[in-house]
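Here the structure is laid out as C-alpha cells; the discussion comes afterwards.
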C-alpha cells in the first residue's frame, strides 16, 4: 500500500475536565492529552502534573510503567518489595528462562505447531534502534489514520471522488460477495471416555444429593446452616456440570488440500486480505516490535495479502518512527480522540481503526479479514497457515480462534493458572463442538463483514472479547477453534497486575449480565442453550466468589464454634466418597497425565482470587446503578506495574493467618483428645487443604517465584490430594457409631436379673443362675420375718449381701424411668420385663419391715423394725464362690435391723419412695398390688417422719474417714476410725453408710405427692427442704453435687420441679445440671474422651444417675426450660451414655458393643458352674469370666479413660447401686428428641451452646 497506509490529517483537540479522563493512572487509554497550557502528561507517573523543568526521566523511571513510585522515605514498603523482586534470581521474569508453561509436560497442543527456535530468535531480535524522543505540542495534535481498504492510489493513498466529494469505489467491489452463500456444517463426534466420566459424575451427583437431603440435614437448630451449605454445594456442582459438558463432544476438523503451486502449504479458496491489528498503549517498543515483526514475518497462504496496523494510543514517537522503517505492510495509527467517559480503551482503539479501514456504507467483501494480537502476542511462523483455511468451510464462519501461551511461566509454579490448560485444551474444543463462541481477545481472526455486523469490538464492557463472541453468535456466525498454540505472549507476573487482570475479566462479565440491552438471557438471536452458555461466565465467578470463602469458613466454624454442616454417618461417608471420586474423575480428566497438575492450578487460582471476584462483582453491580468502571491494561515488560501487592494480599494473608491459628488450636484439641473427634479431625485436615492457596500466593509475593516456589507447589499438589483422601478416610474411620438405646436398656435389665437371689421364676433369663439363699429368715428377731428371700445382691465390696437403702434407691430409679419414659420401654418391647423386674425388688422390700409391737398403741404407732442388711460382710469377704453354693451351715445370713423409734428417717424414707413410685407404676396394670404398695409407702413415710434421725446415728462415731462412721453395737463414742478391713460384727456400713436424712424425707415426700396428689405433702416437702439447707452438715454435702442412694437432694429437686413447676426447685435442678455439664464449680472433671466424673464419687454410676436426671428434667414442658436448655440436657446425657456404650473406644457395659469388659468382678459370673469348685484363684485368674453378666455397667472409677479389664480392681466392679439409673437413662435416650449429630454442633473453641451454663432461670 505504500505511504497510503500512513495517510494522515490534522485534528484539533478541545479541552475537557480531568475527571473525565478516568481516575486510575494505570488504566488503558488514560487521557494523555493536555487540556490546557499548564498541564502535561508525566511519563514517569502516568498522571497529570504541573508543567515544570523536571529533568528527563531516568531509564529506570521510564521503564517502571504505570503505578511505579520511586522508592523513598515515603514508601518504605514499596522499596522493600522492589528490593525483594530484584533479589529474586529465580523469578518468572528471567530473560534467560523464557519457555512455555508446559514446554516439557507433553502438551499435544504445544507440540503441534509452535516453533521454539523461532521464538528464541524473536526473543533476542531487537527492533531498529530508535532514540527516545518526546512529542512537541504540534505532534501531539496529529492523528495518524489508516486508509480505507479500497484505496487504489499506492503513491498518495487518495481515492477518487465525484463532484460532490463522495468516494468512487472500485468497479470490482460491486462484484464481490458481501452476503453468506456457503453454509458451515459443524461436525463432531462423541468422546467416549469423556462421556463416560461425565455420566459417572451425573449419577454420583444424584446419589450424593439424595444422601445429603435425606441423611445429612438433621442438624436441629443448625438445619438452616446445613441447608445453606447444601445450596452452595449445588452451586459448585453446576460449575462442574458445565465443564463436564465440554468433555462429551469432540469437534471433527476437515482437511484442506495442499496448494499445488506450493506443496506442503494449504490452498485457500479466496484471496484473503488480512488486516492485522495490534493495539498498544504504553508497552515498551521491545515488546510491541517483537509482536509486529512476527506478524509481518508469518507465512501466508499463497494468494493472501496482509497489512499490519500498530494502533498506538500512547502516541509514542519511537513506535511511529519504527513503523515507518518497517515497510509498506506496516501502518501506524494513533492520535484518536477519546470520548468522555470511555470505558474500554482497547475496543475504542480497535474500532477507530476499523471505521477508518471500513467506512460506513461501504460493503465489505468476504475476503476481508481482521486479525487481532495483543501487544505481547508473538505469532508462530505458521499462524496464518493454520487459521486462514478454516474460513473456507463456510461464508458464515465469522471467527477462527487459537489458544494463548506464555513464555515467562515457571513450570510447576503457575499459581495464577495463566496457562489455563483446562480451558484451552478441554473446554474450548467442547465449545467448538457445541457451536458456542468463546472469544478470548487475542490470537484470532474474524471476517471483517461479520465484525462490522456484530458492531465491531464492543465498547459497553471491559471484556470486549467475550461480548464479541456473543454478538457474532447472535448474527448466526460460527467460530472455529484451532487446537494448537500458534502465538506466545507474556503473562503478568506481578501480583498487582494479576489481580487487576482477573478483576477486569470478572467485572466485564457482570457488566454484560447486568445490562438490560446486552444480557444474554434476553438476546433474541440466541437459542435457549446459547443464552445459558453465555451466562456461565458470570455464574462461574459467582460460584467462585461464594464457594471458596464458604469452604474456608466451614472448618474455622467447626473448630471455633463447633458447627459442622452435615450429619456425619456411614451414609455421609458413602455419599462423599462416591461424589469425591466422580468429581475428581471429571476435574482430573486429562489427555496427558501431566495435565493433572495444570488442572490443579486452576483450582488454586480460583481459591486465590475469590475476594477479587467478590469485589469485582460488587463494583460491577454498583456500576449498573450509575458508578463508572475503567479499563486498565495488564502492563508487561518494562511497563509493568510495580509490586504494590499489599492491597490485594490482605485477604489471602488474613485467611492464612486465621487458618493457621485455627489449625493450631484444632491440633491442640486433637492432641488433648477432643471429645468430638470426628468433625474436629476432619476439620483439621480441611484447614490444611484450605491453607494451601493463601500460603502459595504469600510465598509467591514475599519469598520467591523460582525454584523454591516450584518446590512448594509440588509439595502442596501432593498435600492437597492427600488431605482430600484423608478427609474421606476419616469419615469412614471415625464417624460416630449409632447405638440402639432401647436394646441396651433391655440388656441392662438382664443385669438385675443376674443379681437376683431366692427362688427364681420360670422365666429366668440368665441360664447360668439358679435358686440360691432360700434359707434367709429372721424369725428369732421377729416371727414376721419368716421369709426374707428374693431381692438383689449388692455386688462389689458387699458381694452377696443384700442392702436395703441401695435396693430401695435402685427400685425407685427403675420405677421413675418407667414413669418418665413408658413409650421407650414399650417401643423396645421391654415393658413386661421391666414390670417383672420392678416387682421383684418391691416384693423383697415389702418383707423388710414389720410393726415394732404386736399391739398398736399410741406410743408405738408408726414404729417399725426395719431390716437394713442381710448377710455378713466379714464372712462374705473371705468367700469367692457362687450364691448357689452357699448353705445355711457354712454361710449363715445374719439380719441387721433398726427400730424406727430410734430414728430411721433415711432408711424408711428411701423405702417409702420405692413403694410410692412403684405403686404409681402398677396403678393400672395391677390395682391390687398398687394398693399394697401404697399402704406400705404410707407406713414407711409415717415411720420416717415420726421419729427423725438417721439409722446410722445408733452407732456413734467421732472420727474423719472416707469409709463408714460406726462400729456395730457400740453405744459410746469411739475415737478410732474403722478401716475397710474391720467389719465389726459383719456390718457393711463401713462401705454403705448414710450421712443425711432430711434429703431422704424431701425425696420421699415427692413420691408420696406423686402417688396421692395430696397437697399436704408439698408443705411437708418445703419443711424438709428448708431443714436440709439449714443443717450445715447435710447442706455441705450438696456442694459435692452427688446423686446416689445416700444423696438424693438434687434428685428431689428435679422430681419436685416436675411435679409442681415451682421456680425454687427449677433453680436448684438447673444449678445442679449446670455444675455437671459446665464444670462451673471446678468439681466436675472431664476425661480426655468426654466422660464427666465427680472426684467425691468417681464411679460411672454417679454419672449415669445425673444423665438420668438430665433426661427426665428435659422432658418437662415449662417456661423455666428453654428448648436450647432441654437440648443441651439431652445431648449431655447422650454423650455420657454413649461413652458407656462405646464412645470411649470400648464398651463399658458387659456383654454389649465393641470390646466389652470380660473380667467383671462378680462371683457367679467368674465361677465355671453354680455348684462347682470356685475360689480366689478364679478371682485372680487372668482368664475371662466363663459367664457374661450381660448389661452390667462397670464401676470404672479410675480418673481417666484407661480401662483395666482386671477382675481384682475397682474398675470392673458391677454393683446394684452403680446400675440404678442405667435402664432409665438408656430408655430415655431411646425416645429422646434430636440426634447425636445434632448434639455434635456448638462445641467449639470459642463458642459453646451455653444455654445450660447460664445462671438463673
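Cβ atoms here come from the backbone N, Cα and C positions, even for glycine.
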Task: Feature transmembrane segment in TrEMBL, mapped to one of the ranges 608-631, 680-703, 752-775 - done: 680-703
Task: Range annotated as transmembrane segment in TrEMBL, from 649-668, 789-808, 809-828, 829-848 - done: 649-668
Open item on the list: I'm validating the feature mapping. Which of 505-525, 715-735, 862-882, 883-903 is tagged transmembrane segment in TrEMBL?
Closed with: 715-735
- [ ] State the residues, same chain only, that lie 6 or more residues beyond the ends of the transmembrane segment (649-668) and have a CB under 8 A from a CB inside it; answer 'none' if no residue qualifies.
- [x] 495, 552, 555-556, 559-560, 608, 611, 680, 683-684, 687-688, 690-691, 693-695, 697-698, 701, 1245
Open item on the list: So if I exclude everything within five residues of the ends of the transmembrane segment (680-703), which remaining residues of that chain have a CB under 8 angstroms from its CBs? That is, six or more out.
Closed with: 84, 413, 415, 495, 551-552, 554-556, 558-559, 564, 568, 604, 607-608, 643, 645, 649, 652-653, 655-656, 659-660, 662-663, 666-667, 669-670, 674, 709, 712-713, 716, 719-720, 723-724, 726-727, 730-731, 734
- [ ] May I ask for the residues of the chain that lie six or more residues beyond the transmembrane segment (223-245) and have a Cβ under 8 Å from a Cβ within it?
- [x] 197-198, 201-202, 205, 209, 212-213, 216-217, 422, 426-427, 430, 434, 536, 539-540, 542-543, 546-547, 550, 554, 563, 565-567, 583, 586-587
TODO: Using a Cβ cut-off of under 8 Å, list the residues of the same chain at least 6 residues beyond the transmembrane segment (532-554) that approach it.
DONE: 229, 232, 235-236, 238-239, 242, 431, 434, 436, 466, 470, 473, 506, 509-510, 512-513, 520-521, 523, 526, 564-565, 606-607, 609-611, 613-614, 616-617, 655, 659, 683, 686, 690
Task: Beyond the flanks of the transmembrane segment (560-586) by 6 or more, those residues with Cβ under 8 Å of it - done: 197-198, 200-201, 203-205, 207-208, 210-212, 215-219, 222, 225-226, 228-230, 240, 243-244, 247, 554, 662, 665, 676, 678-679, 682-683, 724, 728, 731-732, 735-736, 738, 1235, 1237-1238, 1240-1249
